[in-house]
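These notes concern the structure reproduced below.
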């Protein structure tokens, strides 16, 4: 039996003599069985080495998360420096597109390669992209650098999660993934604050310069203290496996992600939804998804997305819940600060105002990770807290410009706890299901992460369309009618609200708050659906640590 094996034991069956015997269950399904994770010490690290590797991974993961949001408060300055207002969307999305498009490919690559080598190459790509951004003389070069860094970020993300599965037991993993979830939450919220401060006090280029020394520290720690783990999939030469890599699948993945996300970002913002370019790209994306699915079916075990994962009981549930939770998280992370800005706070201060949401999510992530590790039950953290998140979204829908600070803090805490408890445990489910097949762990992890990134990317496309529509409707409903110039200015920037005379400012503020409130309804539905999706998962299974068993 493999050194790293997951046994699914039934509660016991009584034979003809009345004795109870344990029965092994197919590893593809985990409906109601006890999950016993057996891990050898072959790749376990000493406490000191594990701590140093964890520091390296934490630093790397922080850089990935920071780069997702650090430019959000600096984009106006960047666009002004390069006279490239029309390129703002590309500057923001260039980092996400290769991440989502290459996530599945890196998952497959990690199953046939040494993780240490993939980590080093990925962080060097990320650092090279950061350097290109820092010295970029034009918007085009900046966009290229962001895309280059996004390739490295995809490899780093999957590598970190997959290595944790190799050097830790299943009991330790909820704590580790909870820590990564906490780091992600902190950094995505802190990104705009740090980016704004660097832009105000120095230059936006420091948003990228800071990556270089931090990434250098991570590389050194990994080279010194991470074991050179062998590929999870063995049996044929590495050269042969590299020849058989699903390169066409990777190209199709990048293509359908790009043609899907770009029109969703354009629609209702850069271009109207009925624009021919938006419609054409959406149609092309559907065609490419169909071609991708057919190709992956043909590739079989060599596919970057084995279709057996798609039809298994647990993976669809983990993927859909991961998608929905990240969609809710990004919407809250974006529109809670906007709500505070409508009330008159600066962009930097509005980031501070959502600290209750961030801190409660961080604490909940750690606490739930500890509870899963202590009790072995992961399903409750994926079902109950998400219902709480749905309730919190409903409460946020009721807020107004006069809602007290204490009430807003309470609602934020409820939402942070609801999302924080569950958001990383979808990865635990994926890694638990395939722990008996180590060569599939990285691909299972990449599939869940891909869906999480897709949820993050689609969240703003969906929410901005709803926000823009509601804001326009509310502004049009104000009596007496507002001048068109005022409507255009208000839709362009929330700061223009405070340049209006008192007779106009209050109704316009009310329209803005009502538009933001409408977006919170997405969280109500998304979190509720995430809770229902948990019913597809491991319902009453228990994850426990056992001794390594031999065949």
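Cβ coordinates come from backbone N, Cα and C, glycine included.
Worth saying up front: this structure is predicted, and the values here are computed from it rather than measured.
As annotated by TrEMBL, domain 'Major facilitator superfamily (MFS) profile' applies to 53-542.
What TrEMBL records for 50-76 (among others) is transmembrane segment. Sequence-distant contacts of the transmembrane segment (50-76) (same chain, at least 6 residues past either end, Cβ-Cβ under 8 Å): 88, 91-92, 95-96, 119, 123, 126, 130, 149, 153, 156-157, 160, 163-164, 167, 176, 179-180, 183-184, 186-196, 198-199, 204, 207, 211, 214-215, 217-219, 221-222, 224-226, 333, 347-348, 456.
Annotation source TrEMBL lists transmembrane segment at 88-110 (among others).
The transmembrane segment annotation in TrEMBL covers 117-137 (among others). Long-range contacts of the transmembrane segment (117-137) within its own chain (CB-CB distance under 8 A, at least 6 residues past either end) are made by residues 60, 63-64, 67, 106, 109-110, 144-156, 159-160, 163, 205-209, 211-212, 215-216, 218-219, 222-223, 226.
Residues or ranges marked as transmembrane segment in TrEMBL: 143-164 (among others).
Under the heading transmembrane segment, TrEMBL lists 176-197 (among others).
Sequence annotations record features per position, and here TrEMBL assigns transmembrane segment to 278-297 (among others).
The feature transmembrane segment is assigned by TrEMBL to 318-336 (among others). Sequence-distant neighbours of the transmembrane segment (318-336) (same chain, 6+ residues past either end, Cβ-Cβ under 8 Å): 69, 185, 188-189, 350, 353-354, 357, 361, 382, 386, 389, 393, 412, 415, 419, 422-423, 426-427, 429-430, 447-449, 451-456, 458-460, 462-463, 467, 516, 519-520, 522-523, 526-527, 529-530, 533-534, 536-537.
When Cβ-Cβ distances below 8 Å are used as the criterion, the transmembrane segment (356-375) is approached by residues 171-179, 181-182, 185-186, 189, 329, 332-333, 336, 381, 385, 409, 412-425, 428, 542-543 of the same chain, each at least six residues removed from its ends. Summarising the annotation, TrEMBL assigns transmembrane segment to 356-375 (among others).
Annotated transmembrane segment per TrEMBL: 382-403 (among others), in sequence order. Away from its own ends, the transmembrane segment (382-403) comes close to residues 321, 325, 328, 339, 342-343, 364, 368, 411-412, 414-415, 417-422, 425-426, 429, 509-510, 513, 517-518, 520-528, 530-531, 534-535, 537 of its chain (Cβ-Cβ under 8 Å, at least six residues beyond either end).
According to TrEMBL, the feature transmembrane segment maps to 409-432 (among others).
Annotated transmembrane segment per TrEMBL: 444-467 (among others), in sequence order. When Cβ-Cβ distances below 8 Å are used as the criterion, the transmembrane segment (444-467) is approached by residues 68, 93, 96, 99-100, 103-104, 106-108, 110, 157-158, 161-162, 165, 257, 261, 264-265, 267-269, 273, 305, 309, 315, 318-320, 322-331, 334-335, 426-427, 429-431, 433-434, 515-516, 518-519, 521-522 of the same chain, each at least six residues removed from its ends.
Sequence annotations record features per position, and here TrEMBL assigns transmembrane segment to 511-538 (among others). Note on the transmembrane segment (511-538): residues 30-31, 35, 313-314, 316-318, 320-321, 324-325, 327-328, 331-332, 335, 338-339, 342, 378-379, 382-384, 386-387, 389-390, 392-394, 396-401, 415, 418-419, 422, 429, 432, 459, 462-463, 466-468, 470-471, 474-475, 477-478, 490, 494, 497 of its chain, located 6 or more positions outside it, place their CB under 8 angstroms from a CB of the stretch.
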Give the nonlocal contacts of the transmembrane segment (88-110) in its own chain as ranges (CB under 8 Å, at least six residues past its ends). 67-68, 71-72, 75, 78-79, 118, 122, 139, 142-144, 146-147, 149-151, 153-155, 157-159, 162, 232, 245-246, 249-250, 253-255, 257-258, 261-262, 265-266, 269-270, 303-305, 442-447, 449-450, 453-454, 456-457
Taking a Cβ cut-off under 8 Å, which residues six or more beyond the ends of the transmembrane segment (176-197) line up next to it in the same chain? 54, 57-58, 61-62, 65-74, 160-161, 164, 168, 204, 207, 329, 333, 337, 347-348, 351-352, 354-355, 357-358, 361-362, 365-366, 368-370, 420, 423-425, 427-428
